[in-house]
Amino acid sequence: TDEACSSFTRLSFHSAVVGTELNVKLLLYTRKNLTCAQTVNSTAFGNLNVTKKTTFIVHGFRLTGSPPVWIGDLVDGLLFVEDMNVVVVDWNRGATTVIYTHAASKTKKVAVVLKEFIDQMLAKGASLDNIYMIGVSLGAHISGFVGEMYDGQLGRITGLDPAGPLFTGSPPQDRLDPSDAQFVDVIHSDIDALGYREPLGNIDFYPNGGSDQPGCPKTIFGGFQYFKCDHQRSVYLYLSSLTEDCTITAYPCDSYRDYRSGKCVSCLTPQKESCPLLGYYADHWKDYLKEKDPPMTKAFFDTAEEKPFCMYHYFVDILTWNKNIRRGDITIKLRDKAGNTTESKINHEPATFQKYHQVSLLARFNQDLDKVAAISLMFSTGSVVGPKYKLRILRMKLRSLAHPERPQLCRYDLVLTENVETVFQPILCPKLQM
Ligand SMILES: [Ca+2]
Ligand SMILES: [Ca+2]
């Protein structure tokens, strides 16, 4: 049959002002209809093949009535990586309102509609194991409500910056929690405003600490982006796991501060070689993460300002021989033979250099330069007046965390003068060095 394509409900800001009645529309995309959605419901399944995985995408609060800008990319990305059914849960009528509490009050009703549809899928032979829900903001809690109605037997829920306002502090049955599915992974990108601060899943990812995202406006002069940029970043980070070559590695850790101090960069998972990856493939660590008691892990990482968001982590080990203790920030630049450069400022808290004590600093670079031809170091105490301090370095060592098999780079006997960039060529570190 040649039906016209269905599309996501588009409303005007006028609708937001007067408010909208709840109406849930399910839009199905498969590899057979990549660009032309079919409206499906409990009696019309269209191209939906119940033997395949089905991913539901559930959006959140809509202030202006417009469709979420990322919907198309998320559908494309999912169908690119796997042959599945993708169902966009369009509850724009209901979510569109200037009054957030009105949208939030409809979340349980949306979940009931989804339950009815999934019940029909099960009756036709689908398995709960094959059901995956990706919920954004309020959509994360909706996904949790659906999961709870199936006693946590849904395959997986991904919460993308689950909504905080009205949900923070509520009991597990009134929000997303790890018991809502067989595996629950969460990205928190705006915990100081629209998002939820506390962990809600088997693994909770906190990009850049979870409060503010690089590249987002820091003041209200950034316009509307000021309100939603941090919140929406969770979606773009998830998307990057479907489309970008560089993967975002996260480091299980108790706090962002400990991560930045380099205390949490070995994952020590017995069966895995690397740390958990953010996004679509986070479930590769499911068995390991669920073994913990309670089965919850927080993971931290930093990102670049724009896609590809991934950063490359190195340790810079510095051994000094100053008589007095020196405290300060280090800026390190790498250059390869082709002249590409990348820079990392290690300034989240002053490093303390003490005679004959090795300090290991975590450096994060936007680019991964394979063959480093030159390194520059700059030391700064942050004081503008007074004498220029010197940092006497006995040995500096650079080692890649992502590629531990790469040769480590060393340099001996350097004197850094405060705020002066010192450029040098590294040499290979001797093997079996302590
Ligand atoms: Ca729950
Ligand atoms: Ca924020």
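Using the three backbone atoms N, Cα and C, a Cβ is placed for every residue, glycine included.
Whatever TrEMBL says is automated annotation, not expert-curated.
Here is what TrEMBL records for this protein:
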- SER137: active site, nucleophile (ACT_SITE)
- ASP161: active site, charge relay system (ACT_SITE)
- HIS231: active site, charge relay system (ACT_SITE)
- ARG175, ASP177, ASP180: Ca(2+) binding site (BINDING)
- 20-309: domain 'Lipase' (DOMAIN)
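Other Cβ atoms within 10 Å of the Cβ of ASP161 (active site, charge relay system), summed over all protein chains shown, number 30. Summary for the binding-site residues ASP177, ASP180: the Cβ-based neighbour count within 10 Å is maximal at ASP180. For the recorded positions SER137, ASP180, HIS231, a Cα-Cα cutoff of 10 angstroms around ASP161 (active site, charge relay system) retains SER137, HIS231. Neighbours of the Ca(2+) site: apart from ARG175, ASP177, ASP180, residues of the same chain with C-beta atoms within 8 angstroms of the site's C-beta centroid are HIS141, GLY144, GLY147, GLU148, PRO172, GLN173, LEU176, PRO178, SER179, VAL184, LEU200.
Cα proximity to SER137 (active site, nucleophile) (within 10 Å) is found for the following recorded positions from ARG175, ASP177, ASP180, HIS231: HIS231. Spacing of ASP177 (Ca(2+) binding site) relative to HIS231 (active site, charge relay system) is 19 Å (Cα to Cα, whole number). The distance from the Cα of HIS231 (active site, charge relay system) to the Cα of ASP180 (Ca(2+) binding site) comes to 22 Å. Proximity of the recorded positions ASP161, ASP180, HIS231 to ligand 1, judged by a Cβ distance under 6 angstroms to any of its atoms, singles out ASP180 in sequence order. Over the domain 'Lipase' (20-309), the average per-residue pLDDT in this prediction is 94.
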